[in-house]
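Quick look at what TrEMBL lists:
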COMPBIAS  A:195-210  compositional bias 'Low complexity'
COMPBIAS  A:364-377  compositional bias 'Acidic residues'
DOMAIN    A:40-81  domain 'RING-type'
DOMAIN    A:241-275  domain 'SAP'
REGION    A:116-165  region 'Disordered'
REGION    A:189-224  region 'Disordered'
REGION    A:336-377  region 'Disordered'
């Protein structure tokens with residue numbers, strides 16, 4: 001049924017060591033619970049760019065975006081079915097940190113858990129001895145920095161003793177940039193991020209710039225410059241592809257460096273996939289993000305997978321063509337019977353559905369059926 | 001995204017193999033990631049005592065975003081259970097297989113749902129429109145647009 005999920009792939013995949021909550025021995029079920037908790041419930045991999053939606057449930061960004069984009073699903077949480085929408089997707093860097101840390105710790109903890117499984121060779125108190133031996137070492141180094149920091153604090157307080165406020169004309173050192181200045185200028189100096197002189201001019205300027213940013217930029221050149229600078233970490237908006245002409249779509253794709261081949265449907269699908277991957281990538285914290293080139297490669301791979309699937313349906317069409325004569329013959333054979341007496345249920349193949357039937361049959365085999373007890377009394 | 005589908009199914013399979021299925025459910029065949037076969041039996045006091053039925057799952061590359069195609073096997077002398085939501089061709093009218101499918105559900109979760117659907121049945125009979133549906137049914141139950149009203153069974 002599915003060409004690229006054949007049995008060869010199964011054996012290779014199963015032979016691979018895919019990390020899984022069941023890796024942990026049964027005795028340490030709490031660990032496999034922890035392992036499950038760090039995984040996405042949709043793809044069951046470790047959460048990648050975890051996001052939360054309005055109900056608080058957490059998924060990989062790509063997974064939940066893919067789910068919300070799929071035509072069959074209404075916008076609801078896959079876990080609790082609370083209504084939600086794409087605009088409510090928020091990155092969850094806290095969980096991301098947890099997952100990263102767990103991935104790092106996992107091999108070590110796994111080896112510990114497995115070692116625990118094996119029959120203990122030495123006496124148990126050997127471990128205890130080890131931990132005893134190491135324990136006196138721990139407070140040693142930790143104590144020294146703490147006394148040092150206390151000393152540091154003491155130094156600071158002696159430099160600027162509380163309550164001793166210098167006079168307004170006294171020359172003081174800025175505690176941030178160590179520049180000397182009169183005490184009464186110190187506050188404005190610090191308010192302006194330690195910029196020296198002209199304390200009043202820069203803020204009004206930046207304020208103006210900020211407002212023009214908010215209002216969309218009055219001067220075109222400025223707006224464009226800002227657009228370019230921000231392009232690297234801005235979410236891509238949702239596009240209503242049906243309202244766009246093919247040419248506009250191609251321009252959009254080209255601006256991201258994507259291929260511009262194919263018909264309207266393919267162009268739209270490609271752009272949609274790109275926006276999804278792009279936005280999902282932004283949900284990751286900066287060090288975990290993929291480069292634009294990697295994302296482009298992923299779109300390419302996705303398109304190849306898609307094409308592989310399409311080929312399969314093309315084969316089906318060719319089958320329709322080659323078998324057309326046979327189908328026509330069958331249709332012709334069925335027609336006269338329909339005109340004749342045949343309302344007999346035994347002739348299942350040829351008899352037409354009863355007129356009072358409660359279903360509609362359309363060309364693509366979609367049948368609406370009511371399976372319920374209507375005579376329930 | 002074939003790779004997500006096969007990875008996820010690999011995980012489900014390894015979980016089934018290491019932890020086993022719930023009572024009354026047995027994995028009969030999983031040679032690839034497109035078709036799995038389970039046997040399903042309702043244990044305890046029910047209308048389906050000592051009946052063993054065969055359940056077939058088919059997966060497409062969009063799994064788990066799209067639902068698996070689930071039906072009872074009715075070939076090789078096997079029969080679909082007689083139930084108001086199960087057609088004689090094996091198709092099952094259950095909302096979680098259609099518009100209420102959620103990607104957090106798994107193969108085992110579906111098995112358990114169908115098991116409990118059988119267990120809670122009050123009267124053994126076919127759906128009212130069974131003959132009509134079976135005559136025109138598409139091969140794949142996912143192509144049918146069922147209407148779901150009855151939440152009692």
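Placement of Cβ uses the backbone N, Cα and C atoms for every residue, glycine included.
TrEMBL does not curate its annotations; it predicts them automatically.
The model shown is predicted, which means the values in this text are computed figures rather than measured ones.
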Counting only residues 6 or more past its boundaries, what in the same chain has a CB within less than 8 Å of a CB in the domain 'SAP' (A:241-275)?
69, 292, 295-296, 299, 302-303, 306
DSSP-wise, what's the residue breakdown of the domain 'RING-type' (A:40-81) into helix, strand and coil?
9 helix, 8 strand, 25 coil
Give the residue counts of the domain 'SAP' (A:241-275) per reduced DSSP state, in the order helix, strand, coil.
25 helix, 0 strand, 10 coil
I'm checking region-level scores; what's the whole-number mean pLDDT for the domain 'RING-type' (A:40-81)?
87
